[in-house]
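Working notes for the structure below.
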Amino acid sequence: MRTNLILIGMPGSGKSTVGVLLAKQAAMNFVDTDLLIQSAEGRTLQDIVDHDGYDALRHIEERVLCQVDEHGSVISTGGSAVYSEKAMAHLKQQGIVVFLNVSLATVKKRIGDYSLRGISKRPDQTLEELFEERYALYNRYADMVIDCDALTQDQACQSVMDQLPETVRSPEHH
Ligand SMILES: Nc1ncnc2c1ncn2[C@@H]1O[C@H](COP(=O)(O)OP(=O)(O)O)[C@@H](O)[C@H]1O
Ligand SMILES: O=C(O)C1=C[C@@H](OP(=O)(O)O)[C@@H](O)[C@H](O)C1
Ligand SMILES: [Mg+2]
């Protein structure tokens, strides 16, 4: 049964903050896979990227995502989760995937200096190129797309709530 709600999208799209609001409102648990990675590794994401590179983070992320075994939880992923087909197939079995869609301008506004945010980006890639590549991947895995550019966090939360399928909304299924 797909009882979880899995949030995907660019860094700054609101996965972590809107995820908490959703969990509160829907009486679900909350898991942020970035925090699972950090506790599995005993170091920050920024540390992983700085010392081992963007590719190491993607491998660790794939391993951690494939170990997720949740029921009735909001699961906020990191922006790079969609690089693993295996991890996304695993997550999709467990829940409804919601793409929080924001424009590149909004990403830039919200994340500030991305070099300080541990983004898993090839060094030769511009943020524009990364955005294009990711946009296709987020759409590929999404069961639901929420356009968040003009929404506050509360409105984004409400918009997801309004469109949630019964399997996720009904606590008796969890
Ligand atoms: N709808 C929104 N409107 C304004 N600011 C937002 C919105 N959603 C998120 N933010 C802000 O953007 C930043 C990144 O949000 P976060 O939830 O950490 O995104 P993600 O987990 O997708 O990277 C935070 O400072 C957050 O408060
Ligand atoms: O998009 C990315 O490459 C990343 C996004 C981060 O999570 P958020 O999307 O929650 O910021 C985190 O997983 C890591 O620093 C890599
Ligand atoms: Mg986050």
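Just so you know, the numbers here start at 1 and follow the chain as drawn.
Cβ coordinates come from backbone N, Cα and C, glycine included.
Note that TrEMBL annotation is computational and uncurated.
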Co-listed substrate-binding residue [TrEMBL; alongside Asp34, Arg58, Arg134] among Gly14, Gly19, Gly72, Gly79: Gly79
Integer Å distance between the CA atoms belonging to Gly79 (substrate binding site) and Ser13 (ATP binding site): 9
Taking residues Asp34, Arg58, Gly79, Arg134, which bind substrate in the record, the widest Cα spacing (Å, whole number): 18
Those binding-site residues of Asp34, Arg58, Gly79, Arg134 having Cα within 10 angstroms of Gly12 (ATP binding site): Gly79
